[in-house]
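Take this structure first; my questions come after.
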Amino acid sequence: MKSIQYEWKKLWKSKAYIALIVITMLIIAGLFYRNVVYQDIVKSEKIETVQSQSTWIVSYLSRDRELLKETGEGSNPDLEESIALGSQLNGKLQDLLAAIQEDEHITALHVENDVYALAMQYQTMSDNKSYPISKVEMEDEITLNNELLKKKLPKEDLGASIQPAVFMKQVVQYLFNTFGFFIVIVVIGTPIVREFDDNTIKLTYGLPVSPVRMIMTKWISITLSGICWFVIALLSAYAISTIFGTEETNPYDYPFFTEKMAFITAGDYLQQSIILGIFYLLLLMSLFVFLSFLIKNTLVVHITLLILFVCNYIVIRSGIIFPFLPWVYQELDAATLQSNGISWTGFLLMIVFTGVLLLLAIRASKRREYRR
């Protein structure tokens, strides 16, 4: 325990770690403030979207009415039906516009469903008229709206929300990713590998400490530091969004689409992200300890990690994401949204790989040039 406390003191005396925590909290506060400012912008964009759809339908209605005037009423029943349906659709768009302007969120969901139902019917009737939104997108929006209506929750912009649960998801997406994890492991792990650069590691080897205890001490200390950063980030996001965000009776019931187009509630999403994020940190810190004792050079260790992170990021961005592979949690948001449940295979593999890397680190630590 004293050894762990000693390692912790070294890290906490490091200005870099304190700066990391402070900067993380400032980023979260800045992101929330940005979302607050964006509320009016998001509303304006919604209004512009509805107005553009209304302009689209009005242009077709004007053209069809001119055509009907030329051919005469009763000469083209299909055209008359198209005009009637288009007029009804435009009326619903005006209702939707009014609901958005008056911040009647639940009403807007009902009307939006009516708009998309009429729009799909209008497209079916007139094959040459393509609505500004695709049929697949409209069907997805109707599915989401129905789920939100069941839970009596307004629709949120996932990129600019001040609703606590949705904002915390945004923090997971922006912080617990390739860049965030790389910065954290470099800041937290550097004091360990730097001992090889300045040869202070010889002092550690001179103590009556077994390789197992030495490796475990260093791993536990940096893992706890990583988890501390992880928890502080989440608590900061929770606190600022709960105090200053919008109040909902059941914010953590908010539904998110998974990659399989099923729903996962915000509560389940955050629970899984926390569990998987912490266990990914266990794996990540064991990898750093292993590389430190294997390579024994700060710059080379950092370059090796950077290459591993970049290669893994490229693989993940290409769509190769299998929840049973431990390293996909480098992009925690994308990995969590692969399904609506934890991959226990991936969970167990993280534990296994962590153990293997620690054993390899212990083996690598038994270097004669550092022992008396």
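Cβ coordinates are placed from backbone N, Cα and C, and glycine is handled just like the others.
All TrEMBL annotations are machine predictions without curation.
TrEMBL feature annotations, pasted as is:
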| type | residues | note |
| --- | --- | --- |
| TRANSMEM | 16-33 | transmembrane segment |
| TRANSMEM | 174-193 | transmembrane segment |
| TRANSMEM | 219-244 | transmembrane segment |
| TRANSMEM | 274-294 | transmembrane segment |
| TRANSMEM | 306-329 | transmembrane segment |
| TRANSMEM | 341-362 | transmembrane segment |
Which stretch from 16-33, 174-193, 219-244, 306-329, 341-362 shares the most C-beta pairs under 8 Å with the transmembrane segment (274-294)?
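So the stretch in question is 341-362.
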Going through 16-33, 174-193, 219-244, 341-362 one by one, which has the most CB pairs that fall under 8 Å from the transmembrane segment (306-329)?
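Looking only at 16-33, 174-193, 219-244, 341-362, the most contacts with the transmembrane segment (306-329) come from 341-362.
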Thinking of Cβ pairs under 8 Å, which stretch from 174-193, 219-244, 341-362 has the most of them with the transmembrane segment (16-33)?
219-244
